Structure formats: structure tokens, C-alpha cells
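J.: Residues or ranges marked as transmembrane segment by TrEMBL: 27-51, 63-83, 103-124, 145-165, 198-226, 238-254, 274-293. Per TrEMBL, domain 'G-protein coupled receptors family 1 profile' is recorded for 42-291.
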């Protein structure tokens, strides 16, 4: 049904990487499929190992499980449809499917911001108050902190997605992206979106900057505490417990900030697609690798789990 230049959109077309040749898209499919499978297996392995190994029952690994679960969800929202567009050229996505994808993209994105801040607070307590750490970060507290990290994604995703998809859309339904992100979908709207854009900018700044400030505050106190440790070995041991988290935080915030806070004049659709890949595809696969390679406790737990699996297999055979 159309009225003037407006039309009732029932589906969208994801332009994805359609400007590239078929051969390059096939190579991208193989690369992204490999990354997708490694992401699912790596994060699932982190969840299973931190649940099963008795040496990994500290609050840090409880929050790491939450992060791995979040990365799996984030990946499931983006990757299957992107792989479908590359393999079968199935570029259409329903109106409801697009809204659902955007909703969960916002939900997991906001949750990750706050979860990274919670993990920074956990490191702050562990290093600055080691004697009180087990008491402060008891099971009830860590459950509340995890819930507080996941909750902000609900109102942000609900308000932003509902508001955006209540606008009328123009005749074009082509989304120049590989998933239903807010800016490319907003370009298809046939209405005054000034108030929405102000809300989106303010909301994004708050969601990104508030957790970022909490992280900076935590690590400022952590750095001060580490500098007071007399021995070089003690300093290295204290810093090593934070290095994996710092690297993950840097990857996430640098890539997302470059995507959403660059001037529009420097933000072409193609460059945004490349930047979006960094935090939707690359970061989720790097997180389990970073925590596995840079954390001796996780490495040892993975080795123990592998040996147990081999022993069980030999017993069965």
C-alpha cells in the first residue's frame, strides 16, 4: 500500500558486500564461516571449562563466562544472515526480522559495555582489597553485578528499536550494510528524525562513556596499587591478572568508537562496514583466544580438560 512517496515496507534488502565480485564474496564466506565456527567453539569451551574446572570458580571466571555467553549471542545475531547473503545471495530480511536483529544487536552491545566495566571493578577489588575480595565479591554480589550489566540493554534496545521502526519508510528498502544497524536503516525513513537522532547520540554517548569512565576509574586505582608493590615479580603478577581484560576492552572500545563517533564526512558506508566487522566479527573470536593464551589458569584448565576427555575416550574404547 503506498501513499505519495511513502510505502509500507514489509522487507528490507541488505546490500552487504554486493559491490564485490562473486569470487571475493566466496572467499569472504569461507573466512567468515571459519571465524564464526571458531567463535562459537572458543566461547563455548570457555563456558564449559570455567563451569567444570574447580580451579576456575573465582568471580573473575564467573564474569568471563558471562562475556563468552554474550559473545555467542552477539555472533548469532549477525553472522548467520551475513553468511547467507554471501553464500546464497539471500539478501532479503523481513521487517520483523530486521527489527529483531537490531533489537538484539543493541541489547548485546549495551550489555557488553557494562559487563566490561563490571569486570574492571572485579579486578579493582581483587588487587586493591585482596583480603576482602572473597567477602565483597561473594556469590550474591557477583550475581547482582551480572544482572546489573545485562539489564541496561533491555530499555535501550526496546526504546531505540521501537521508536525507529515506528517511522514511515520511503520507497527504497535497501539497507547499505551487512546487518540492520540503526544509521543505515534511519536513512530510509520518510519523516523528521531530529528528535530520534538526538536521543540516539545522547544514548550512545552515555552507554559508551559511563562504563568507560568506570573502567578508567578502576584502572587508575589499580595502577596506583600496583606501583606501590615493592617487588618487580609482584607487580608483574598483579598486572598479568588485568592484561587480558585491558586488551579486550581496548579492542571493543577502539573499534566501536571509530564506527559511531567518526565525523559523517569521513564515514562512508564501505568504511563503516569494515569498521563494523572489527567489533561484530573479529572481537568475539579474539576474546577466547586472548583469555586462553594470556591466562595461565585458563590454559592449564584447558589442558586438564583435554586430558580428561582423552582418558574418558580411552576408557570407552
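From the backbone N, Cα and C atoms, a Cβ is placed for every residue, glycine too.
On a predicted model such as this, the values are computed, not experimentally measured, just so you know.
Distances, neighbours, how buried they are, the whole picture for these features please.
T.: Residues 17, 20, 57, 61-62, 64-65, 68-69, 71-72, 75, 79, 82-83, 86-87, 281-282, 284-285, 287-289, 291-292, 298, 301-302, 305 of the same chain sit 6 or more residues outside the transmembrane segment (27-51) yet have a Cβ under 8 Å from a Cβ within it.
Taking Cβ pairs closer than 8 Å, the transmembrane segment (63-83) reaches residues 14, 16, 29, 32-33, 36, 39-40, 43-44, 46-47, 50-51, 93, 101, 104-105, 108-109, 111-112, 115-116, 118-119, 122, 142, 145-146, 149-150, 178-179, 248, 280-281, 283-284, 287-288, 291 in its own chain, all 6 or more past its ends.
With a cut-off of 8 Å between Cβ atoms, the residues of this chain six or more beyond the transmembrane segment (103-124) that come close are 59-60, 63-64, 66-67, 70-71, 73-74, 77-78, 137, 142, 145-146, 148-150, 152-154, 156-158, 160-161, 179-182, 207-208, 210-212, 214-215, 218-219, 221-222, 241-242, 245, 248-249, 252, 256.
Residues of the same chain lying 6 or more positions beyond the ends of the transmembrane segment (145-165) and with a Cβ under 8 Å from any Cβ of it are 62-63, 66, 95, 98-99, 102-104, 106-111, 114-115, 117-118, 121-122, 182, 185-186, 189, 196, 199-200, 203, 207.
Among residues of the same chain six or more beyond the transmembrane segment (198-226), those with a C-beta under 8 A of the stretch's C-beta atoms are 110, 113-114, 116-117, 120-121, 123-124, 127-128, 152, 156, 159-160, 163, 182, 235, 238-239, 242, 246, 249, 253, 256-257, 260.
Under 8 Å from some Cβ of the transmembrane segment (238-254) lie the Cβ atoms of residues 60, 67, 112-113, 116, 119-120, 123, 126-127, 208, 212, 215, 219, 222, 225-226, 229, 278-279, 282-283, 286-287, 290-291, 294-295, all in the same chain and six or more residues away from its ends.
Within its own chain, the transmembrane segment (274-293) has Cβ neighbours under 8 Å at 32, 35, 38-39, 42-43, 45-46, 64, 67-68, 71-72, 74-75, 78-79, 177-179, 181, 244, 247-248, 251-252, 255-256, 258-259, 299, 302, counting only residues six or more beyond its boundaries.
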J.: Would you report the average pLDDT that the model assigns to the domain 'G-protein coupled receptors family 1 profile' (42-291)?
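T.: So the average pLDDT across the domain 'G-protein coupled receptors family 1 profile' (42-291) works out to 89.
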